[in-house]
Amino acid sequence: KGTIHLFRKSQRSLVGKLTHEFRLVAADRRSWKILLFGAINLICIGFLLMWCSSTNSIALTAYTYLTIFDLFSLVTCLISYWVMMKKPSPVYSFGFERFEVLAVFASTVLAQLGALFILKESAERFLEQPEIHTGRLLVGTFVALFFNLFTMLSIKNKPFAYVSEAASTSWLQEHVADLSRSICGIIPGLSSIFLPRMNPFVLIDIAGALALCITYMLIEINNYFAVDTASAIAIALMTFGTMYPMSVYSGKVLLQTTPPHVIGQLDKLLREVSTLDGVLEVRNEHFWTLGFGTLAGSVHVRIRRDANEQMVLAHVTNRLYTLVSTLTVQIFKDDWIRPTLSSVPIANNILNLSDHHIIPMPSLKAADNLNPVTSTPAKPSSPPPEFSFNTPGKNVSPVILLNTQTKPYGLGFNHGSAPYSSVLNQGLGIPGVGAAQGFRTGFANVPGRYGTNTRGQPRP
């Protein structure tokens, strides 16, 4: 027998979860209009696909794909309504705004895939061009044009409206803008209609319908069936050129990049934050687009030890909140450490002066060129050295000799450890006699304080 869980939640399947969310969206009256347009769109797509098969026109098929894209845009609009109803959860702490970004990206990418499929079919038709029937070609063109324009103008699609304005212009929009300037130069009264940036979806619908009308006339007049394939290629290229900038923009949002048009404003705000009272440093700043028109960011602020954290946090948030709606600020105070005198542990007996004696050893290589009076190079023409004078005791590591006896020095007795006797055997030093001097060095060219007189002769 298994364990009985009294308060265990029932696990819903994927279909059950989707049904629950769909009911949540359908409860809003604003979504009824979108659902109605979606149902009409499905009926229209069915009729258009049948007419494409009867006319054998690939140009009409390419134009029908724009109607299928309208269906995707309606689904995106429903997702936008669903995002507004949902609240942030522990799993999705920033909310569900990225779902509509993903919906726009998927819709534009699918439209481009459809355009590539049309290009592939058109390339095959150039090898063997079939006969085109024009019985329902013109009817299908006007039905698709009417429904596409009616859908675009009747439904307020917030995600696609934002992307169409924020993304870069397509090549079709640029060419139409140049043509509009030429027309407005002749007729200035049309400037209010043609000069503003045209809606790319309305523009591609009108351009596709115009291409189909030209196809119908050429086939009816001259039976020139190859123009159908040429029109299909033109519609596919216009579709690809219109959807590509939107895919790039929504893809950058999904990659959490910083929008180029706000980089200058962000730099200005960060400079203002760095000049606030108590702020020492602003670092690890990262800003990205969370959704369409929503900017998120995080920043670390280092403040003085005596600064008020809450006051600095309030000022930083007040400055950045004008541009960044979802902001995370990490405040930490300056944590400095006093420098230590030594990074290496010192032995306990190293400070016992009675057991150790430090004798600075001069450099043997530079002893031949030293002046006995100044300890500098003897040649007056040579330039004086910088930062180093080869002075014994400065550039030579000290030699530490261990003393194991406690007898006083300077009484004329030979004593000491083995290292000192090895120095005597090598001729590097002669022990002195007297109470004032314990050790002397025996270099011939070293100043007198190291065992030579003023004339440079060794002392006995």
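From the backbone N, Cα and C atoms, a Cβ is placed for every residue, glycine too.
Feature annotations, reproduced from TrEMBL:
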TRANSMEM  32-51  transmembrane segment
DOMAIN    35-255  domain 'Cation efflux protein transmembrane'
TRANSMEM  63-84  transmembrane segment
TRANSMEM  96-117  transmembrane segment
TRANSMEM  137-155  transmembrane segment
TRANSMEM  201-219  transmembrane segment
TRANSMEM  225-244  transmembrane segment
REGION    371-391  region 'Disordered'
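Same-chain residues lying 6 or more positions outside the transmembrane segment (201-219) and placing a CB less than 8 Å from one of its CB atoms are 57, 59-60, 62-63, 66, 73, 132, 134, 137-138, 141-142, 144-145, 148-149, 152-153, 160, 164, 172-173, 176, 225, 227-228, 231, 234-235, 238-239, 242.
Taking Cβ pairs closer than 8 Å, the transmembrane segment (32-51) reaches residues 26, 60, 64, 67-68, 70-71, 74-75, 77-78, 81, 136-137, 139-140, 143-144, 147, 151, 154-155 in its own chain, all 6 or more past its ends. Through the fold, the transmembrane segment (225-244) approaches residues 57-59, 61-63, 65-66, 108-109, 111-112, 114-116, 118-119, 121-122, 125-126, 129-132, 170-173, 200-201, 203-204, 207-208, 211-212, 214-215, 218-219 of its own chain, all at least 6 residues removed from its boundaries and within a Cβ separation under 8 Å.
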